[in-house]
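Trainee: According to Swiss-Prot, the region 'Disordered' annotation covers 1-29. The compositional bias 'Low complexity' annotation in Swiss-Prot covers 1-10. According to Swiss-Prot, the phosphoserine annotation covers SER38, on the basis of similarity to another entry. If you look up Swiss-Prot, you'll see HIS322, HIS327, GLU367 marked as Fe cation binding site.
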Amino acid sequence: MPISSSSSSSTKSMRRAASELERSDSVTSPRFIGRRQSLIEDARKEREAAAAAAEAAEATEQIVFEEEDGKALLNLFFTLRSSKTPALSRSLKVFETFEAKIHHLETRPCRKPRDSLEGLEYFVRCEVHLSDVSTLISSIKRIAEDVKTTKEVKFHWFPKKISELDRCHHLITKFDPDLDQEHPGFTDPVYRQRRKMIGDIAFRYKQGEPIPRVEYTEEEIGTWREVYSTLRDLYTTHACSEHLEAFNLLERHCGYSPENIPQLEDVSRFLRERTGFQLRPVAGLLSARDFLASLAFRVFQCTQYIRHASSPMHSPEPDCVHELLGHVPILADRVFAQFSQNIGLASLGASEEDIEKLSTLYWFTVEFGLCKQGGIVKAYGAGLLSSYGELVHALSDEPERREFDPEAAAIQPYQDQNYQSVYFVSESFTDAKEKLRSYVAGIKRPFSVRFDPYTYSIEVLDNPLKIRGGLESVKDELKMLTDALNVLA
């Protein structure tokens, strides 16, 4: 159900909107004609490649196992009903007969009782001679129900320590100024050399080091000044209150001004004190999986180079204008910072399909999200708050606006060649965070993850003992808060 615009329909408001749209056209520099880079396209290609590989494998396999040195490693599932009293001993006898070496065995109550008979579901990982695989399976089928074999579920590697983000550096290079003839900087050798020099800073960077400073040229500062001055005036009427509050603090404490491009190290320290987020230099657009994994550690991968001077109001790729004006201020809000980290945590070990959906969610929230404040729709997405034209467009009567629903947003077609035709509006950051939490609960992984803010590490919660340990730390925090309430009572 589209959400109607909260702006007045009076003649005065219509004139103002028309004036802003006209100004948008006048301040928008010659537009880069071509696709705008996004995490979604990268995630989609990875998902399609993985699906094709899986289909090819399934077409050639019946009984699924891994072969190693003449042995077959089987992951075997079956169900034994309670009416068959000797079934367990008979099934164990089968494994004994074929001299199967059992590596792992688990049981759980049967999820689907049949004819009022309860039972147990078994998972057995075992090793048996290659020539005995078919006969062993047939023997088990005579005793048990729902017998099937499956591949061991293998998940994509993901960083578990913040230092391992040094391995998350897979760049999407199709819009690189050295490679893309349509890039505004393709015919400018000076710009291309400058980009390479700044990019090398990111390639050499190791997690935990101070971020090296960049001495920006007069031309680069001029590009920054034009965008900064144009957008600063529009923020008072179009940006959400959280962005405005943080932007004022950044001007006071981090050198934000039309005449100065802030240094990432200064901004990173500011964010760390506010929400625990920190910046890390990156040479371009990361792969979706690597970028989202960084968010799980409250690390935002941030470029240091600036767009080409010929196109100050539009860039086909992320640059420091987009990051510093769009992303950084809103990451200074605690609720939004948690929302961003939750997307990152949900991506760890996720399938290619889920990575694509999470990337699309990121697109329609963190990049192009709108929210309600005092009954008025405001912008919080970085893609909006770093683009005069799209910011005016998003809050005009032209696009469709829908209530934020993660299920719908995750599969919504996106626009990477022009302004978005659809935007999603959240009631509040807290509401968006809770809706995301419900959505993430539906992502299929045989484990959950937890971020440890003391060690900057990810704990994989895949057994009751680990979960119990996490609950103990929560219990300690609750006890401390309860004591604090008692002191105030």
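A Cβ is built for glycine as well, from the same backbone N, Cα and C atoms used for every other residue.
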Trainee: Would you list the other residues of this chain near Fe cation - those whose C-beta lies within 8 angstroms of the C-beta centroid of HIS322, HIS327, GLU367 - in sequence order?
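Mentor: Checked against the 8 Å cutoff, the neighbours are PRO318, GLU323, GLY326, VAL366, GLY381, ALA382, GLY383, LEU385, SER386.
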Trainee: Per DSSP, GLU367 (Fe cation binding site) is which: helix, strand or coil?
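Mentor: Going by the DSSP assignment, GLU367 (Fe cation binding site) falls within a helical segment, counted as helix.
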Trainee: Can you tell me whether DSSP puts HIS322 (Fe cation binding site) in helix, strand or coil?
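Mentor: DSSP assigns HIS322 (Fe cation binding site) to helix.
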